[in-house]
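As written in Swiss-Prot, here are the features:
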- 25-40: compositional bias 'Gly residues' (COMPBIAS)
- 62-75: compositional bias 'Low complexity' (COMPBIAS)
- 87-98: compositional bias 'Polar residues' (COMPBIAS)
- 106-119: compositional bias 'Basic and acidic residues' (COMPBIAS)
- 129-225: domain 'PB1' (DOMAIN)
- 25-44: region 'Disordered' (REGION)
- 49-119: region 'Disordered' (REGION)
- 14-18: motif 'EAR-like (transcriptional repression)' (MOTIF)
Amino acid sequence: MITELEMGKGESELELGLGLSLGGGTAAKIGKSGGGGAWGERGRLLTAKDFPSVGSKRAADSASHAGSSPPRSSSQVVGWPPIGSHRMNSLVNNQATKSAREEEEAGKKKVKDDEPKDVTKKVNGKVQVGFIKVNMDGVAIGRKVDLNAHSSYENLAQTLEDMFFRTNPGTVGLTSQFTKPLRLLDGSSEFVLTYEDKEGDWMLVGDVPWRMFINSVKRLRVMKTSEANGLAARNQEPNERQRKQPV
């Protein structure tokens, strides 16, 4: 009987201790004989406060992690693989600049193509013009003449007279109207030789020196004298000297 009482007393004083080897933890004491009230007084759940060293370590790790990597903004990274927003903006700006530059170059090329082409060029310091168009009033088909093969106005006028009035079958009727060779430069015939310069103005052939003429001529026209009256008046004596002067 005494043994049973002592055993019961020993059981009532039995304590259950819980602890962790991580250090510093408190033990929860639970008594069997306390009933519900005793359980509420002696028994409770372990929390982070019971392990101060562990909690401090986790807090320190969280703080160091937060300090080493700042929070990522949604506007900071776009696309995949990730591309910085500033780099994306740079790419967009470069593309826009490239498009604007291409449009500007295309516009310059179009303007350049629309400009009248200069038929003159220099070879070994000498002006080389090449072939230019020649038209005559009353003749539907035009011709071309090589200015490089001529050295003076007289030589050029003689070539054009032979071209339109002696070798062209379509001008037989015109040739029969004249009993003497045409004089395109002295104003003694029904026709006069004119040219269009690079500025688009029609001028009388022979009013400037030969070199200046071949640098500015675009095309020739054998025009009726009645239609050429509005052009600049010619000074016959100075022009005669310029026409006969070789290059």
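Note that Cβ sites are derived from N, Cα and C of the backbone, with glycine treated the same way.
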Across the domain 'PB1' (129-225), what are the DSSP residue counts per state (helix, strand, coil)?
30 helix, 28 strand, 39 coil
For the motif 'EAR-like (transcriptional repression)' (14-18), provide the mean pLDDT of the predicted model.
52
